[in-house]
Amino acid sequence: MESEQLFHRGYYRNSYNSITSASSDEELLDGAGVIMDFQTSEDDNLLDGDTAVGTHYTMTNGGSINSSTHLLDLLDEPIPGVGTYDDFHTIDWVREKCKDRERHRRINSKKKESAWEMTKSLYDAWSGWLVVTLTGLASGALAGLIDIAADWMTDLKEGICLGALWYNHEQCCWGSNETTFEERDKCPQWKTWAELIIGQAEGPGSYIMNYIMYIFWALSFAFLAVSLVKVFAPYACGSGIPEIKTILSGFIIRGYLGKWTLMIKTITLVLAVASGLSLGKEGPLVHVACCCGNIFSYLFPKYSTNEAKKREVLSAASAAGVSVAFGAPIGGVLFSLEEVSYYFPLKTLWRSFFAALVAAFVLRSINPFGNSRLVLFYVEYHTPWYLFELLPFILLGVFGGLWGAFFIRANIAWCRRRKSTKFGKYPVLEVIVVAAVTAVIAFPNPYTRLNTSELIKELFTDCGPLESSSLCDYRNDMNASKIVDDIPDRPAGVGVYAAIWQLCLALMFKIIMTVFTFGIKVPSGLFIPSMAIGAIAGRIVGIAVEQLAYYHHDWFLFKEWCEVGADCITPGLYAMVGAAACLGGVTRMTVSLVVIVFELTGGLEYIVPLMAAVMTSKWVGDAFGREGIYEAHIRLNGYPFLDAKEEFTHTTLAADVMRPRRSDPPLAVLTQDNMTVDDIENMVNGTSYNGFPVIMSRESQRLVGFALRRDLTIAIESARKKQEGIVGSSRVCFAQHTPSLPAESPRPLKLRSILDMSPFTVTDHTPMEIVVDIFRKLGLRQCLVTHNGIVLGIITKKNILEHLEQVKHHVEPLTPPWHHNKKRYPPSYGPDGKPRPRFNNVQLSPTDEERDKAEEEVHLLNSTTL
């Protein structure tokens, strides 16, 4: 019967081909990753090689976990290379934490032996604070350098300061005595390209020449940026936050946080921002800070030899990156906790706070914007908000949610098309085309010609007596009966209405170009473009509400709190709320986003409007899909990331998801004491599996442990070099005691030290909801499925991702509901009360009567099948 063949298949796994197949820089450049193919049949290989050595965990049907640690008890002499990880593999969180505990116990046991050991102990204890201090110092310094260089190169597209070439436009005119209030940005020291080339400051010829030079510099900066990325550091493209989230979850991408990536990303980030593309530098600054943290961690053995500890430094580095990007140290800590970190213990919270503090202090000392602030668009409002205004704030939240949902779908669709068409094979051409379109359309509109950060600053700024922007071109109303504030609400002038039309065009331009810009092969952040879109929409809504309140102050909505001549509405506040709403709609951040934005404004009074808008944008966005833009790009690139925000409600069991399947080839297994070195080498060379279950014998088939392909290869090579008498016919022993061998037999090879004696196991009846939680919370890469101690199969991280993908796309369940599929194993005793006959100590043979009653019987194979 077919049901009797349930386990008539060995055991099978294969490598994580969709990850390891992309090894070239060209492949990694296209999407900064690889695509996971969930339709492949070769999907059961152990994801990441190594398993936890020395920790004993057993998961039963009840879900209990028993733990005992004996990491180095059996390691007489550690074998160099054992326990390390290959590229595109996931770390073993459990083993790394055990290694750190063992190292800590060893240091504590020796610190009283001598003054030197005490010094080493103190150095080890303070190394965490030292590495985050260095990370904060480097992050702040690089952020200041990037800000200064980007401002100078942005103004270089329009002209140059003859008196001091290193000054940007604003700095060039600081010391001039010939500026006027209306034209404070014009001074004799600053020369436009038209003045330098054709000698004309005004007129059509001057406009055309400035237009041409603007496009020339934009294309030059974009071409240089994409060329540097393609040639020297393909990993320097993009935002970097999706990859950092994946790395912090335990995945290894060699070179992504290296020195070349840091150097090229710092240079090309300046070029990309200066080119005028619809992107920001805030997201890439997180990548830059994490590169600093990764490089400095190699100076301290505590972090250089432990991948889990290194990720604590990277979490602190990401907080420092947001701190210098937005001038928001507390928001940076919350961003690291809410958005990017996978493992965030309390000590990491303290060190993240300290790293953000150091980075913000360094940036404040550099003062890149000359305003004694950490960001360009720092503003303060003095007018309180009123209860009625919650309605337009919530409407801005709805707009932000709709924008976020649209952007995620449109950008992912375009990125997927880029990967599947020939257009994606020419990243340089794509960047040039996008830069050319952006420059041609942006120059005629003053709001799109501006640097995006300067645009946000102008939109956030409240109209005061010293503001000369067209957004503040109000008519002075001399008939106001009561003046409450210095600048009361006034009717909009011609300049305001013209600015609104220009802002509407800028809004459509930003929406379209941001979709095509995010994901191209230059450093590109999403924070600033999203905030700009929201700020434009918010400023338009704010001006509309302001004029409504001015002309209809007798309506019941305004009658109680907005008097004639009073300053009731602050349009800049609406711009700030809209910026937060749009950024929240794209990233689905909540707490950290609110804190970041109110740190930008310097006031706590507007937290409630921000919270209302951000939560509304998240609810509206979640109605169209729960994924933020970073999670969507992680899934697009096929990174093995288990998002803790996703819920699993399917009713499948571990036996329904595990491998092998019915049609799968058998899994190569090892026995603990009756295989030779040649046998193991042939198995390793003849398969692509990253690990092999070790069983007691082919008769019992009970699990002993798990041996890793990498560890086996390294251990055998090391034994051949260092141990005499190890030949191909030497018996390999994973057991604690070497079996008796004939006198003429060659020397046996003991490999018990590399054997994981306690791999995670679950029973075949464990619900997949529990299995998914185990993988998420413990950072597992594989889990063995057993029944009464006998290995039935294996569940890898990729199997979990495939299963979640199938459930997400409403694929037909792997099995019927659990109550229709519950397996009934035959009892140990037959109906006559006598012990049931066994075959090779394993196989159970029920009677025909029992087989009719059971929904499914399990028949384990005899030894000849293996």
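Glycine is no exception: its Cβ is also placed from the backbone N, Cα and C atoms.
Positions annotated as compositional bias 'Basic and acidic residues' by TrEMBL: 848-859.
Per TrEMBL, the feature domain 'CBS' maps to 755-814.
The region 'Disordered' annotation in TrEMBL covers 813-866.
Taken from TrEMBL, the feature transmembrane segment applies to 126-150 (among others). For the transmembrane segment (126-150), the residues of the chain that approach it from at least six positions outside its boundaries are 266, 269-270, 273-274, 281, 285, 288-289, 292-293, 296-297, 299-300, 302-303, 312-313, 316-317, 320-321, 323-325, 347, 351-352, 354-363, 365-366, 368-369, 376, 451, judged by C-beta separation under 8 angstroms.
Annotated transmembrane segment per TrEMBL: 214-236 (among others), in sequence order.
Residues or ranges marked as transmembrane segment by TrEMBL: 256-277 (among others).
Here the transmembrane segment (284-301) has Cβ contacts under 8 Å with residues 127, 130-132, 134-135, 138-139, 142-143, 146, 239-241, 243-244, 247, 257-259, 261-262, 265-266, 269, 310, 313-314, 316-318, 320-322, 324-325, 340, 359, 523-525 of the same chain, all six or more residues outside its ends. According to TrEMBL, the transmembrane segment annotation covers 284-301 (among others).
Long-range neighbours of the transmembrane segment (313-337) within the same chain, counting only residues 6 or more positions beyond its ends whose Cβ lies under 8 Å from a Cβ of the stretch, are 128, 131-132, 135-136, 139-140, 143-144, 244, 247-248, 257, 281-283, 285-290, 292-294, 296-297, 303, 343-344, 348-349, 351-360, 362-363, 373-375, 378, 527, 589, 591-593, 595-596, 599-600. Here TrEMBL flags 313-337 (among others) as transmembrane segment.
Among the features that TrEMBL reports, transmembrane segment is placed at 386-408 (among others).
Packing against the transmembrane segment (428-447) from elsewhere in the chain are residues 211, 214-215, 218-219, 221-223, 225-227, 230, 275-278, 418, 455, 458, 499, 502-503, 505-506, 509, 513, 516-517, 520-522, 536: each is 6 or more residues past its ends and has a CB under 8 Å from a CB in it. TrEMBL lists 428-447 (among others) with the feature transmembrane segment.
Here TrEMBL flags 499-520 (among others) as transmembrane segment.
Sequence annotations record features per position, and here TrEMBL assigns transmembrane segment to 532-553 (among others).
The transmembrane segment annotation in TrEMBL covers 573-598 (among others).
Shown for the domain 'CBS' (755-814): DSSP residue counts in helix, strand and coil, namely 23 helix, 18 strand, 19 coil.
The transmembrane segment (573-598) makes contact with the transmembrane segment (386-408), as judged by at least three Cβ pairs under 8 Å among residues 6 or more apart in sequence.
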